[in-house]
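**Student:** Quick one: the structure is below, questions incoming.
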Amino acid sequence: MAKRDILSVLDMKNDLDEIINLSIELKKNRYRSYESLRNKMLGLIFEKPSTRTRTSLEVAIDQLGGHAVYLNPSEMQLGRGETISDTGHVLSRFLDAIAYRAFDHKNVVELARSTSIPVINALDDVEHPLQIVADFMTVKEKKGKFSGLKFSYIGDGNNMANSLMLGAAILGVDIYVATPHGYEPKSEFVDKAKQVAKERGSKVIITNDAIEAAKDADVIYTDVWISMGEESKRGEKEKAFTKYQINSDLVSNAKKDYIFMHCLPAHRGLEVTDDVADSINSVIFDEAENRLHSEKGVLYKLLSY
């Protein structure tokens with residue numbers, strides 16, 4: 001079977017909907033015993049902290065009959081100067097796949113180039129593809145469809161914004177991205193998303209108007225304003241994003257049955273207020289749970305051969 005990497009949401013362009021449907025089926029049969037990945041070994045290399053991604057990946061591979069090996073970069077020879085390429089060649093001899101959470105996307109690409117096994121981007125500075133499977137799985141569960149939905153991301157034009165645009169475009173969802181001026185998503189991702197959206201009959205709208213994005217939205221999504229590694233920008237970003245907080249006033253512009261989503265962790269009182277995060281419209285913990293089921297879907301798709 002040919003090696004397949006998932007470094008970007010675009011690597012699931014042809015089967016994202018299929019993976020989501022598989023994930024929903026795996027969730028429905030969560031108490032069934034699976035041995036489809038028996039004896040398969042997943043390596044986890046995490047340069048950044050993780051609660052949901054690491055835990056869900058470890059549980060996911062275990063529930064499918066395989067095993068996870070956590071590799072702390074500071075305890076590997078990577079931390080002493082061994083190249084990513086050499087590391088990839090060696091780990092390919094021991095493992096069946098690697099999930100890599102990195103500060104720099106270039107390192108994820110380099111690892112994938114040097115391995116003979118699948119590499120999964122478990123979050124880097126430009127994308128978070130695993131989160132997208134869980135997010136749109138949640139949308140499918142709550143809304144029952146993708147076509148005709150207005151999905152609004154309001155916040156920083158970061159890695160989540162990049163990946164959400166691509167995921168929405170692939171699935172035919174209209175997406176609005178509202179950010180302060182100067183914090184828009186990278187143009188290369190906007191261009192890629194618009195090209196896919198054109199093919200799939202949906203649209204990608206970039207705006208600086210949070211109310212425009214929230215108006216009649218079916219989904220309102222946000223993420224932290226200060227990403228990992230950006231702590232020095234806290235004061236600057238908090239000032240710039242004040243009008244982009246997800247609060248009761250802003251969501252009053254959305255449809256009454258809108259759902260609120262957040263990839264977590266949430267900085268309550270900054271990008272979202274408690275009354276929204278804890279409202280009946282909030283699905284953030286269902287969304288978090290779906291990290292497990294969606295990653296089972298991804299791993300099954302990559303490794304069940």
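Any Cβ shown, glycine's included, is placed from N, Cα and C.
Dumping what Swiss-Prot says about this protein:
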{"type": "BINDING", "residues": "Ser50, Thr51, Arg52, Thr53, Gln77, Arg101, His128, Pro129, Leu130, Gln131, Cys263, Leu264, Arg291", "note": "carbamoyl phosphate binding site"}
{"type": "BINDING", "residues": "Asn159, Asp223, Ser227, Met228", "note": "L-ornithine binding site"}
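Could you place these features in context, so I can see how deep they sit and what lies close by?
**Tutor:** In the three-state DSSP reading, His128 (carbamoyl phosphate binding site) counts as coil.
For Met228 (L-ornithine binding site), the same-chain residues 6+ apart in sequence whose C-beta sits under 8 angstroms from its C-beta are Lys48, Pro49.
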**Student:** Ranking the binding-site residues Ser50, Gln77, Asn159, Ser227 by other Cβ atoms within 10 Å, which is at the bottom?
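**Tutor:** Taking Ser50, Gln77, Asn159, Ser227 as the binding-site residues, the minimal 10 Å Cβ count falls on Gln77.
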**Student:** Between Asn159 (L-ornithine binding site) and Cys263 (carbamoyl phosphate binding site), what C-alpha distance do you get in Å?
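**Tutor:** Spelling it out, the Cα of Asn159 (L-ornithine binding site) and the Cα of Cys263 (carbamoyl phosphate binding site) are 11 Å apart.
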**Student:** Going along the chain, which residues six or more apart from Leu130 (carbamoyl phosphate binding site) have their CB under 8 A from its CB?
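**Tutor:** Sequence-distant Cβ neighbours: Ile6, Thr53, Ala99, Ile120, Asn121, Ala122, Leu123, Arg291, Ser294, Glu295, Val298.
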**Student:** Measuring Cα to Cα, how many Å separate Gln77 (carbamoyl phosphate binding site) from Asp223 (L-ornithine binding site)?
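**Tutor:** With distance taken Cα to Cα, Asp223 (L-ornithine binding site) is 33 Å from Gln77 (carbamoyl phosphate binding site).
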**Student:** Using C-alpha atoms only, work out the spacing between Ser227 (L-ornithine binding site) and Arg52 (carbamoyl phosphate binding site) and round it to an integer in Å.
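**Tutor:** Checking the Cα atoms of Ser227 (L-ornithine binding site) and Arg52 (carbamoyl phosphate binding site) gives a distance of 16 Å.
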**Student:** If one looks at the chain holding Asp223 (L-ornithine binding site), which residues at least 6 apart in sequence have a CB under 8 angstroms from its CB?
**Tutor:** Tyr153, Gly155, Asp156, Asn158, Met160, Ala161, His262, Cys263, Glu271
